[in-house]
Every structure is written in structure tokens, then in C-alpha cells.
Amino acid sequence: MSSRQPLLDALGVELPDELLSLALTHRSYAYEHGGLPTNERLEFLGDAVLGLTITDALYHRHPDRTEGDLAKLRASVVNTQALADVARKLCDGGLGAHLLLGRGEANTGGADKSSILADGMESLLGAIYLQHGIDTAREVILRLFGALLDAAPTLGAGLDWKTSLQELTAARGMGAPSYLVTSTGPDHDKEFTAVVVVADTEYGTGVGRSKKEAEQKAAAATWKALDVLDSAAQTSA
């Protein structure tokens, strides 16, 4: 069995070796190997296919939602962090284990960088669309992103959890959130931990390969924690 077969099994489709390799080729690898084609064109295509599929699904699931509400729901599903999370769970080792990265990128944790994983996920979706058409691509997307679609009404503006959290705390008169960030590890392999403080109280914590990723995860955890507290208060009222 091909070492990439578990990835194809997780996607639920077959792809020609040449097309699959292209979808997995990051620009850092292409540069180190004499300027090979990269997955960026497929990423561009996959982004459009993903956006259309999710938009169509939300439009039909929520007939009473306004355009603005639908845009927020889509942002909670189609964003770098959500794509990266899907990529990490795609198969044993995640998508990162199959990406073709340059040595420099690989040595700095590129296989787990959210931006690279998100781009790779979109590239695969673009490849599926090219090989199998929109119907199959749609089936794959709805299966992989189904849980996110179901949870979209409770997720907040996942495109930018920090902004979403700031809007929530402002609406509740809690003041602006602040972030306490620490890091561990050598310069080439740092891990960042962020803790959100709102009204002198520590809430969510997030860990990531970059300060931005850690803060976004911490903001997401805090948003959800505050939402749970609000729901509990309404239930007991």
C-alpha cells in the first residue's frame, strides 16, 4: 500500500500520483528542488470550491438568517484555524505528515503550522474538484466539515476569535481582554502559551507554534467559556 493511501482513504477518493504530489508540494520544497510547480494554483481553486460549498450549505440550512449572519457563520467554518484543525485530524499523523516541505520549513515545524496546513487542505480540495468534479468535491467537503457546519451557530466569528471575543466582552461591559503570552523551547522550535484575562479573571488558554496562533486559540476557548456561562445563567433565571 502506498504511504499516501491512508490520506486518500481519509479523503474518500483516489487521485493520480502526479496530481496528489502537486497538491502536497509547498513552495519551500519546490524552491529547493529547482523550481518545481507548487500547490498554490490548486489552493486557489480549492478555496473557491470550499467557499461555494459551505455558503450553499449554510444558505439552505438557515433560511431565516440575514446576509450578515450567514457571512459570520461561514467565517466560523472557512478560516485558517478550522482548515488546519480538519487537516490535523485527516488521518494518522495528519496532513502535515504527507506535505512536501523544504528542509528549512520542515526544521521549523512547518508540518504543523496552521497556515501551511490550511493551504494544503485547500489544495487537496482543488485536486479533488479537478479529478472528480463539483459533486464529489462537495460530498468530501460536507463530510470533513460537517461537524463545523453543525456547530457554526455557536462558534462565533472563528475567522478572528480575538475580534469576536472583544465584541462579546464589550457587549457585556467586561472591558477589553488582555493576553499573557509565554514561550518555551529553542528559537527554531518555540511553543507559545497564551492566557486570556478579562476583568482580572483568567479564562481560556491556548498553545501554538506562533504567538498569534496561541492567542487565537485562547480567545476561542474564552469565547466558548463565556458563552457557556451565559447559557447557564439564562437557564437558571
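Glycine residues also receive a Cβ, built from the backbone N, Cα and C atoms like all the rest.
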Binding-site annotation, Swiss-Prot, Mg(2+): partner of D119, E122 in E40, E43, E191, E202: E43
Secondary structure composition of the domain 'RNase III' (3-133) [DSSP: H/G/I, E/B, coil]: 93 helix, 2 strand, 36 coil
Listed in sequence order, residues with CB under 8 A of D119 (Mg(2+) binding site) and six or more positions away: H26, N39, E40, E43
Model confidence over the domain 'DRBM' (160-228) (mean pLDDT, whole number): 89
Chain-internal residues, separated by at least six, CB under 8 A from D47 (active site): E122, G126
